[in-house]
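Here is the structure we will look at, set down as structure tokens.
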């Protein structure tokens, strides 16, 4: 079984390339999350560090030159366990899970709620749902390479949160339908880039385990959404699910900013 320090597992360069390139195999998004500003600041792969977490308790040493390639070659440690043991990767994993869970709740919640906001033709409801998604995907394709995936997912999450909160305090009618469509536009664009962004936060040897957990969190959000809509109280609080989705989206946006700041 190959370890994390194997260049083939780390996604590193071919043996014929320079040693400087071999020390810098991971994505820029992961380096930014780990607050490593340049390859020169990366310690050697054989130097163990971060063996004490924030609470002063001993943890397994990180042995990768990129701060999260833990001892996956050790038969007693799995990729998921390693990601949860170390504070840096644990924060990234929990943040990714919450963001994808929130985006999934907002995406499916607005989709299902549009059917109740627009009474009448089923074909009209389907058309409005598709019309809300298409601009989000086109805008994302045109801007994500220039502004970066972190900025794209943050802006989409913020747009979805603000639109859902506004929809919760708007009486029924075309305005509420328009706000719901804006929320669908934001969360669909953010969801499209969410998994790619989450994958770049982790080194290669932890990426599969971490990304699978984050993806399952999104699936769990899709499972919870119909229950959230069914439990909404009648009367004046009927639009309460929109407020819940909006607050969750704003919390996810703040969490994305905190991950960057930390």
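Cβ atoms are placed via backbone N, Cα and C, with glycine included.
Per TrEMBL, the range carrying the annotation transmembrane segment out of 46-64, 65-83, 122-140, 179-197 is 122-140.
According to TrEMBL, the feature transmembrane segment maps to residues 92-110, out of the candidate ranges 92-110, 206-224. Of the listed segments 24-41, 240-257, TrEMBL assigns transmembrane segment to 240-257.
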